[in-house]
Amino acid sequence: MIFNKRLVLAHFWLAFIAFGAAILLGEWQMFIRSPLHGWLRNADLYYRSVTAHGTVMGYVFPTLVAMGFGYAVSELSLGRSLIGPRWAWAGFILIVIGSVVASVPIAMGLDSVLYTFYPPMIGHASYYLGVVLVVVGSWIWVALMGVNMYAWKKANPGKPVPLPMFATVAGAFLWGWTAVGAAAELLFQILPVALGFSSTINAGLARVLFSWTLHAIVYFWLMPAYIAFYTIVPRAIGGRLYSDTMGRVAFVLFLVFSMPIGIHHLFADPQVGSGFKFLHSVFTAMVSVPTLLTVFTICASVEIASRLRGGKGAFGWVKALPWGNPQMLALALSFVMLGFGGAGGLINMSYQLNSTIHNTQWVTAHFHLIFAGAIVIMYFAIAYDLWPQLTGRAMTDLRLIRTQLWLWFIGMIVLTFPWHYAGLLGVPRRMAYYDYSGPNGHTEAITVIMSVVGGAILVISAALFITVLVRNHRGRTADVAPYTFSRAIHEPKSVHWALNGLGLWVGLMIALTVTNYAFPIWQLIKLHEAQVPAVYVGGDR
Amino acid sequence: MTHLRKPWWRDRIVGGSLATLAMLLLLSGVVGFVWLPSAQNDARFKGILDAICGAAGIPRGWLADAVPPLPTPRHVSTVVLTPDTLSHDAPGSIGRGGTLALKCTMCHGLRGVSTSETPSLAGQQSASIYKQLRDYQTGARSSAVMEPLVKDLSDQDLKDLAMFYGSLPREPARDLGNAPDIVAFGSPTRNIAACGSCHGGMTSKLGAPWLDAQPRAYLRTQLLAFSHGTRRNDTSAQMRNVAANMTPQEIEQAVEYYGSGR
């Protein structure tokens, strides 16, 4: 059972409220940039909105979901109350304070720097301090996850750590290390300028440090979704997990390969050598290994469920799957989006093909399809699965849930497919307005209008999601069955030590960070010509 | 159950993982740092060490022994504006600037608010004033009136003047709600940025002066001078490019908007 229900609920609700607000900003941005609206007279409003949307959706929302889910997984899978709940609350409060401290100056127009910071642009220090507080709050969670797993291991020598906890701690350690890049950028480069101690900044170094965080953060967002694939879905649809070991291997591979790949975001940056760009490109390709292992294992797991229900034949079993089950539906829709998003990602990570889509709307479409699509739909599934445990009330709105999931999927496809195409046509990203009177303008205009419609569908879906959760709080209390995670076909009796702890893989993660990042960072630190004057935003206007 | 553990480096899984990763690193390193750069037909990158250094991103000069650029027959602006340009001003700078400014009052007004067709300087960005004064001094910007007036002033005098005028109150920039399109949007397809994105209203940029409430005749003359290329002290030619792409109507609209406070 979940012992600290209020703690978990606080994280989830703050995450979903922030998500509900930020999705409205997203749709507004899509609308005012489309031909349906005249050009925005004060472009800064758009950049404020993008900064807020990105900060909430990229930093606050997924971090809170991962934290809340992590606390729940720790208690449910280890069967004991969380060690350090006061610390957990302290982390939560830091995130609340950080979110307020960051969002107020954004709304005032003092920090329209976008959530990727874009040095040498420098805004008011308050925004950066807010982001730092959010990161520090999440580091408390990282430490707590490690402490809880190792305390359990000490109390249960030789027993395998349950897969959900093992994966959660892998995700936590990944985040702990990957956040170091952006934290170093903020603390040593941006904040000194924002606070007035310096007026120049090494923009190239800042970008390299941000890339340290920027790609691995995606796998941190992804972890809860993958944990749900392995440990929730097979149980929820009445099947078995095909392989516990495969799950462990996939999670440790994510730990190892998420880090040494971020420079594929900098293919167009002249300050990084082509050799390192190629190296990062190769390692990015390696991330497909744990992804494909997961797709294989999960497909095998649902096939087991289907055959147990009487599914027959080479493909006939697909029909016998419990399609009415929200977890099954969410998984299938997530996989479709992951497939398309992954295919697009292969273009992004390829050193040569990247140049055709670099900094176009394609990129925005790609990460919306992967993150807002494949990953967030699993966040919904996680909430639906955990909510009865948290409220003690049965989840009865299955029809509404299915509608919500379908709308999210349809909305995301309608949003992102034309959006990718707009990028192929060369429409740049992050523009407050766009001139559709060019030679290709009508095609671009149609694709953007389609995306506006897709965004509207997503807003409806998000509203339905909040409705389902609120209705559950008001529903009848019920005897909720004890929570279980998926059981593997061959349940692990003992696990090789390397797959029962994370020491080796954390070591490899750090070692590969050193091989792939140390030289570019060292070289740029030494390159004093790389210091450029800060460009202050949000001053007098 | 406790199983006897071999030392970690002799374990099969650990050894296998390390060996695979090392192979991957080595292979992609050879391809990325040796093979691909060597395949580039660049006369300056020959040999393995050169290839590796180039691929690692060590900066090197391509034009080191090329012919240096020819000196231009015209005076070009030598001012490099950074956020620090005027931040280390000497104490009393504003007061000294006020005294020096007595020479300027005839045209620019007693407190920097001009009543003639010369620009108002009250509250103008100090960095902008300083740059223009220096450019008059070096001949990068020409004016029969201004050049003799600034000829004998020291660099500190120019800074003091800039600090003095920057310290006076300025006309606040207006909201862009009623601004003509050229001011609020520019023209993306013709490479014209919105005036308001540098000169106030939306945001401001270092070296771009406030334009609100400047005399119409002055604004028009300067825009035309930029568009004809007769004024050329905008270091990166940004104003020459913008003004040359503006239509006469757009120039009038911008002049009317910024000059309407007069």
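In case you wondered, yes, glycine gets a Cβ from its N, Cα and C as well.
Taken from TrEMBL as is:
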TRANSMEM  B:12-36  transmembrane segment
DOMAIN    B:92-169  domain 'Cytochrome c'
DOMAIN    B:181-262  domain 'Cytochrome c'
Exercise. Is the transmembrane segment (B:12-36) packed against any residues at least 6 beyond its ends, judged by a Cβ distance under 8 Å, and which are they?
Worked result: 48, 51-52, 55-56
Exercise. Using DSSP, how many residues of the domain 'Cytochrome c' (B:92-169) fall into helix, strand and coil, respectively?
Worked result: 46 helix, 0 strand, 32 coil
Seminar exercise, completed: In the domain 'Cytochrome c' (B:181-262), averaged pLDDT is 92
Exercise. Under DSSP, the domain 'Cytochrome c' (B:181-262) has how many residues in helix, strand and coil?
Worked result: 44 helix, 3 strand, 35 coil
